[in-house]
Amino acid sequence: MPLCIPQVLLALFLSVLIAQGEGSRRRATQAHSTTQPALLRLSDHLLANYKKGVRPVRDWRKPTLVSIDVIMYAILNVDEKNQVLTTYIWYRQFWTDEFLQWTPEDFDNVTKLSIPTDSIWVPDILINEFVDVGKSPSIPYVYVHHQGEVQNYKPLQLVTACSLDIYNFPFDVQNCSLTFTSWLHTIQDINISLWRTPEEVRSDKSIFINQGEWELLGVFTKFQEFSIETSNSYAEMKFYVVIRRRPLFYAVSLLLPSIFLMVVDIVGFCLPPDSGERVSFKITLLLGYSVFLIIVSDTLPATAIGTPLIGVYFVVCMALLVISLAETIFIVQLVHKQDLQRPVPDWLRHLVLDRIAWLLCLGEQPMAHRPPATFQANKTDDCSAMGNHCSHVGSPQDLEKTSRSRDSPLPPPREASLAVRGLLQELSSIRHSLEKRDEMREVARDWLRVGYVLDRLLFRIYLLAVLAYSITLVTLWSIWHYS
């Protein structure tokens, strides 16, 4: 019995020492917990045993829903030749991480925390149309809410492929798609949804820089599933960026100069058709238009799969100028007939000076209907004229009597008759020359009348062709611009 009392006292003493040690450790722990910041304690609590290589769900059968959102900020470049669109967007991702949840009361009522992106699991959402790495700023943090919702906000410069249709340039509207999808996970693992409503996404232009060449019409969305293999389906969200080019600059620098040159070409028809200045004027105008096309060639978009309609317009305008020059050369050659040119045929005279002149309301064209002067008629007239003159001269005997009565030296009668005949032949030749000159002048006047009527006809046909072509293009461009 005396031996048991010391043992009991020793046991009590040891118990007191152990209790004091545990209390000291508890107080030290509480003091340390009170001095450590809540954010640091929360970060250590969340990332202590976190495995970022595992999809953050407690039930592996449950897919991770990733909600995405896109806000268009700027259209940086549209490369028609390489079919590349460069944009700048604000991209937002939302998903639930079941391993990043806590009770706010345990951590000084902290409801959200920013942690490094490299420390947690992030869905592998990529854009299928990527063709180059843009100069996007790096955002190394994400926001985590106490329910486990992760918010990943980052600006992106996207260099994506786009099928650009430049046929309607400069009144073209482009529709480029941005397809967001998981590169590895099927729809059973990662599903994609839209964070906002499609109407809100389509009409959101709150941060868009609207001072450039392109105008944002809207961003349309579409969700779909696609499968590479029959057993694997993938979720993807498409954003269709619809933009329209502002055509004012191109209308002023491309269309107006071409229109002015065509108007000057039409006004050039007011020059007289028998003037050689019209040909030189048309050639100068054609050379000026060629220089204009060389200058604007770098402004037009170039692709290997198509040509814009405005390029066809320039080619047709060049062809019209060439046709106008050819018509001018034809008319000038027609009204400048040479001396040996045949008279206007009767069928051409009737067709042009009667029918076409009446059709064009040019009034009645005077025509010279004169019978052709034949060599036989001229010969008869010459002989009769010579005969009459010879009858007045008389016979050689009369000439001899007259010479004797006057007592003056005269040439022999035969020589006098030959001189008179030579003089009459010279007069007849002069008369034939004058008649021939008048006939050639009349032929030239006839060809001038024909050329004038044909010039008016070709001018009106040319004017109708230019107006019809211009009205067609203006109508098409107006429909494309306001559709």
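Indices start at 1 and increase along the chain as displayed.
Backbone N, Cα and C atoms are what each Cβ position is placed from, and that goes for glycine too.
Under the topological domain names given by Swiss-Prot, ALA302 lies across the membrane from GLU426. Between ASN191, ASN378, Swiss-Prot assigns N-linked glycosylation site to ASN191; no such entry appears for the others, which is not proof they lack it. The disulfide partner of CYS162, as annotated in Swiss-Prot and taken from the candidates CYS176, CYS270, is CYS176. Neighbour list (CYS162 (disulfide bond), Cβ cut-off 8 Å, at least 6 residues apart, same chain): GLN83, VAL84, LEU85, GLU129, GLN174, CYS176, SER177. When averaged over the topological domain 'Cytoplasmic' (327-460), pLDDT in the model lands at 64.
In terms of DSSP secondary structure, the region 'HA-stretch' (419-455) contains 37 helix, 0 strand, 0 coil.
Its Cβ placed at the centre, CYS176 (disulfide bond) has 22 other Cβ atoms within 10 Å.
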